[in-house]
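S.K.: Grabbed the feature section from TrEMBL, which reads as follows:
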BINDING   Arg40  NADPH binding site
BINDING   Asp47, Arg103, Asp295  FAD binding site
DOMAIN    4-323  domain 'FAD-binding'
Amino acid sequence: MNSPVTIIGAGLGGLVLARVLHVHGIAATVHEADPSPTARTQGGMLDIHDYNGQLALDAADLIDEFHAIVLPGRQSMRVLDTDGTVLLDRADDGTGGRPEVQRGELRRILLDSLPAGTVRWGHRVADTRPLGEGRHEVTFADGGTLVTDLLVGADGAWSRVRPLLSTATPEYAGTSFVEIHLFDAETRHAAAAKAVGGGSMIAPSPGKEIFAHREDGDTLHTYVALTKPQDWFAAIDFTDAAAATARIAREFDGWAPELTALITDGDTAPVLRPHYALPNGHRWDRLPGVTLLGDAAHLTAPNGEGANLAMLDGAELGKAIAARPHDIEAALAEYEQAMFLRPTEDAAFEGAEIKGIDSADNTAHGLLDTITRTG
Ligand SMILES: Cc1cc2nc3c(=O)[nH]c(=O)nc-3n(C[C@H](O)[C@H](O)[C@H](O)COP(=O)(O)OP(=O)(O)OC[C@H]3O[C@@H](n4cnc5c(N)ncnc54)[C@H](O)[C@@H]3O)c2cc1C
């Protein structure tokens, strides 16, 4: 390679790739659209699995740093019926394989582990084009360009690199989350805090569910999942927080007040997050000098695996390049073959049989697979 590995996107997948390459002494640059590491909040908690995400952090030589940011007790798990009856209450004894961390903290340890200047902030890719013989030109929104021998699209759902390899585009997956935060839960939202417990809580029902996590700093993070067409959400004015909250809460009329409080007592305006997915089994023919990882390659509706898989992709690609630095095509072929075969859902997911849980409704943000794996 005559140029550093060019990675588009400083999400968890792109950063793990850059870090694993760095561990092996291979130069990379990461071009990120965000103007700075703090430009955007990084979302809530992620459970990092011992069979994928943790393997990636091990390859990145960051497992101690990871253990230092694990939030104790957050692997506890409750399942509630819509009337508040506790159907399952599992404590966190510290031995589970899915410790929870704040996504922002995980991103921070990855950023801190890279040489200064590795990430080029404010570098939004506008276009990419092949130049032949495995070389590609990348054009940025500010008009700047670069030419690279190895281009990796780690730029998420709406990847600007993917069109080089595939005509697939994400489609609405039928379900959306509405996210809400409740702060100072123990003192200001005691009933909701008790319902959630020390870790995660899910109250499932066909076509609608309330999930909540207890995040760092005594914050409850609610995810309301509703299986509705996009038109239904478009009719709600999310710029009017009170009206949007009332409309979403109406879907849960008759549910226990400690559950609906997770919607109506929000300290933040409700945020709509529609779920998109690439076609199942999305793949492409090998093209020299370019590949994809993470959501750019295999976006699914949230199922608790996406970030873990993006990190594993980054680690596996980094290791493949390090093993064959003089035969990049063989490295990319080996990486892609293994990635295409990797399930994008937790295999245990299909067996969910807790009362009231619709296992086909794949929106459980890692909670259903937690239940099935540990249940
Ligand atoms: C509500 C929700 C909850 C989720 N919960 C979980 C969970 O609990 N566990 C789990 O494992 N997964 C979860 N996921 C999935 C997970 O967030 C994704 O699978 C994961 O973030 C993918 O990582 P990535 O690095 O591939 O892409 P991303 O995290 O999307 O990162 C892509 C990066 O590329 C940058 N970028 C985009 N376009 C450009 C451009 N044109 N030029 C330059 N940079 C660009 C973006 O700014 C971003 O920094 C959840 C997803 C959602 C929506």
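The backbone N, Cα and C atoms fix where each Cβ goes, and this holds for glycine too.
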S.K.: Please report the DSSP secondary structure of Arg40 (NADPH binding site), reduced to three states.
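M.R.: Going by the DSSP assignment, Arg40 (NADPH binding site) belongs to neither helix nor strand, so it counts as coil.
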S.K.: Do any of the binding-site residues Arg40, Arg103, Asp295 touch ligand 1, in the sense that the CB is under 6 Å from one of its atoms?
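M.R.: Only Asp295 meet the Cβ criterion.
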S.K.: Calculate the per-residue pLDDT averaged over the domain 'FAD-binding' (4-323) and state the result as an integer.
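M.R.: Across the residues of the domain 'FAD-binding' (4-323) the model's pLDDT averages 96 on the 0 to 100 scale.
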S.K.: Give the number of CB atoms, excluding that of the residue listed as 'NADPH binding site' itself, located within 10 Å of its CB.
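M.R.: Excluding its own Cβ, the residue listed as 'NADPH binding site' sees 11 Cβ atoms within 10 Å.
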S.K.: Please work out the number of neighbouring Cβ atoms within 10 Å of the Cβ of Asp295 (FAD binding site), leaving out its own Cβ.
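M.R.: Looking across every protein chain shown, the total is 29.
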S.K.: Spatially, which candidate from the binding-site residues Asp47, Arg103, Asp295 is nearest to Arg40 (NADPH binding site), comparing Cα atoms?
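M.R.: Nearest candidate: Arg103.
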S.K.: My understanding is the cutoff is Cβ-Cβ under 8 Å with a sequence separation of 6 or more in the same chain; which residues meet that for Arg103 (FAD binding site)?
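M.R.: Once residues fewer than 6 apart are set aside, Arg103 (FAD binding site) is near Leu12, Gln42, Gly43, Gly44, Met45, Leu46, Ala307.
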